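> Starting off with a structure, shown below.
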Amino acid sequence: MSLATDKKELAEKLKECQKKLGYSFKNIKLLENALTHTSFKTPYNPSNERLEFLGDAILGMVISEYLFKKFSDYSEGKLTKIKSVVVSRATLAKIGTEMNLKRYISVGKGLLSSNSFPKSLIANVLEAIIAAIYIDGGLKAAYDFTLRRLRNEIDIVCNNKHEKNYKSILQHFCQRQHGNIPKYKIIKQSGPDHDKTFEVVTLINNLEYCTGMGNNKKEAEQIAARKTLESLDINIE
C-alpha cells in the first residue's frame with residue numbers, strides 16, 4: 001500500500017471518528033495521537049499514554065463537579081461511590097464499545113490479529129480523546145463531550161441499575177485460578193457513626209490489590225472487588 005493511500009485512509013478514518021464523537025478538531029493531529037496505542041507509536045506520532053494521563057484527571061474533575069452541583073444533599077461517601085462507578089474502566093469501556101472506537105484505533109499487528117481488544121485499551125482511548133478535546137477546544141468542549149457520553153451512566157448508577165455481585169465474580173475467578181478466595185481488610189474508618197465511611201483493600205494470596213470506599217463494609221468490599229476485576233481485565237458484563 002502506498003504512502004498516499006495510507007494518508008487518505010487515515011484522513012477518512014479521522015473524519016468518520018469526528019462525526020462519531022460529535023466534535024470537529026482544529027488540530028486533527030491531537031485526535032490521531034489519542035487513537036494511537038503504544039504498540040503502534042512512531043517517532044512522528046507518539047502513543048496516547050500522556051493524553052490518557054491528562055484525560056483521567058479531566059474526567060474525574062468533570063464528573064466530580066457535576067455530581068457536586070446536581071446532588072447537593074448527598075454525602076461525600078455517596079458521591080464518591082457514584083463517581084467510582086461512572087469513571088471506572090468497565091463504564092468507559094462500555095461507552096467506547098458502544099461508540100465503536102475499536103474501528104478507529106491504531107494498534108500493532110499483534111493486537112490487530114486478536115479477536116478483541118482488552119477493555120482497558122478501549123477505556124484508555126476514551127480518556128485520551130477527552131484530553132485531546134480539552135487541549136483542542138478548552139474545558140467547556142471537554143465538559144460537554146464527557147457529560148453527553150456519561151450522563152446516562154450517572155442516572156443508571158443513581159437508580160441502582162448497575163448493581164452486580166462483584167465479590168462473587170472475583171471469588172469464582174480466584175477459586176478457578178488460585179484455588180482460594182479473596183479477602184478484604186479494613187484500612188480506614190472515618191466520619192460520625194450515622195455517616196461513617198469505610199475503606200477496604202482486596203487481598204489475593206496475601207497480596208494487596210485495589211481499594212474501595214463505602215458507607216458500610218459490604219459496599220466498600222463490592223467497590224474494591226469491582227476495581228480488582230477491572231485491574232485484572234476480567235469481563236464483568
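Even glycines carry a Cβ here, placed using N, Cα and C.
Straight out of TrEMBL:
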ACT_SITE  Asp56  active site
ACT_SITE  Glu127  active site
BINDING   Glu52, Asn124, Glu127  Mg(2+) binding site
DOMAIN    14-138  domain 'RNase III'
DOMAIN    165-234  domain 'DRBM'
> When you measure from the Cβ of Asn124 (Mg(2+) binding site), how many other Cβ atoms are you left with inside 10 Å?
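Result for Asn124 (Mg(2+) binding site): 27 other Cβ atoms within 10 Å.
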> Do you know offhand how many angstrom separate Glu52 (Mg(2+) binding site) and Glu127 (active site) by C-alpha?
5
> For each of the recorded positions (Glu52, Asp56, Glu127), count the other CB atoms lying within 10 A of its CB, then report the residue with the highest count.
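Highest number of other Cβ atoms within 10 Å: Glu127.
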> Report, in whole Å, the straight Cα-to-Cα distance of Asp56 (active site) from Glu127 (active site).
6
> What's the CA to CA span in angstrom from Asp56 (active site) over to Asn124 (Mg(2+) binding site)?
8
